[in-house]
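This report concerns only the one structure given below.
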Amino acid sequence: MRVLVAMSGGVDSSVAAARMVDAGHDVVGVHLALSATPGTLRTGSRGCCSKEDAGDARRVADVLDIPFYVWDFADRFKEDVIDDFVASYERGETPNPCVRCNEKIKFSALAGRALALGFDALATGHYARLSDGRLRRAVDADKDQSYVLAVLTAQQLRHAVFPIGDTPKAQIRAEAAERGLAVADKPDSHDICFIPSGDTRAFLGARIGVRRGAVVDAGGTKLAEHEGVHGFTIGQRKGLGIAGPGPDGQPRYVTGIDAATGTVRVGGAEDLDVSRLTGERPVFTSGAAFGGPVECQVQVRAHGGLADAVASHDAGVLSVELRAPLRGVAAGQTMVIYRPDPEGDEVLASATISGAAGR
């Protein structure tokens, strides 16, 4: 099989490439250049493509004796990931850019080019498993990345390979060291790759500018003025611009964002509890949509826990009734539906959260 391996320059994709070589495949490595100014991207095995990362990937390819290329996807990345990220915050949402990158860049633009060039599959260093075309959680639950892959269609998954999903991260590092790969101890990066400072509010403010609005309590009383809804997310406690706790002495959190009026609503922790979710743009990873109701578990954050729920689908809307309330769920987040399975929880579907209500 002719396999293109996406090599970030980190330990995970490096071992993935090595395993593809060991399996006897015709392997080519590719590193994605995602910025016109590479120094602005964070480095690390979860980072995206600084000059240092490209050099690390090339050195691994040399050790493995495989062809290696750097492909420029900067324009596509800006349009489909960065611009989308900014626009989502302008709408008062909280997006996950890693989900978008997998959907639009790695497994659409990159995979599409790979297939056009005659490759049979795209391999990556994601922690996830595929069995009989079904996407499952990785063996290493702490590193599992099935959540950020749940936007992939059955067609995309048919050409995907995840060589390290059956191995714990510690073992991957040990294997890299045994193979003599210099990236064996390279640290992971857990922040947004195109915001190296980690200051999301400043990044958004520089692109959106000042759009003043009011911070109000549950009764609509104005408490403060802000410089844009893009500086807030549901569940946020710090940086609200208000003095002290609420009248009950308890902390106040962002409980609602109305981008149309520029209003940010705050309330108590209990006001963050939701028991019903709705999602747009559903994707069914096996290719078959379910109607409902389906007993399942739902995850609403990349590193969040699983919550028992019942899911149903009708007219392009994915609806979830939670068995117990979840706290601080924001529009724009991805919700992923899992079917519990002793062989590895199976991803059934995903959708972009458009509504959260009830307690």
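Glycine is treated like the rest: Cβ placed from N, Cα and C.
Among the candidates Leu32, Leu34, Leu115, Leu149, the residue that Swiss-Prot names alongside Ala6, Met7, Ser8, Gly9, Gly10, Val11, Asp12, Ser13, Gly125 for the ATP site is Leu32.
The number of other CB atoms found within 10 A of the CB of His126 (site 'Interaction with tRNA'), across every protein chain shown, is 25. Each residue contributes its Cα atom, and for Ala6 (ATP binding site) and His126 (site 'Interaction with tRNA') these two points are 10 Å apart. For the recorded positions Gly10, Leu32, Cys193, a Cα-Cα cutoff of 10 angstroms around His126 (site 'Interaction with tRNA') retains nothing. In this structure, the CA atom of Leu32 (ATP binding site) is 12 Å away from the CA atom of Cys101 (active site, nucleophile).
Ser8 (ATP binding site) sits 12 Å from Cys193 (active site, cysteine persulfide intermediate), taking the CA atoms of both as reference points.
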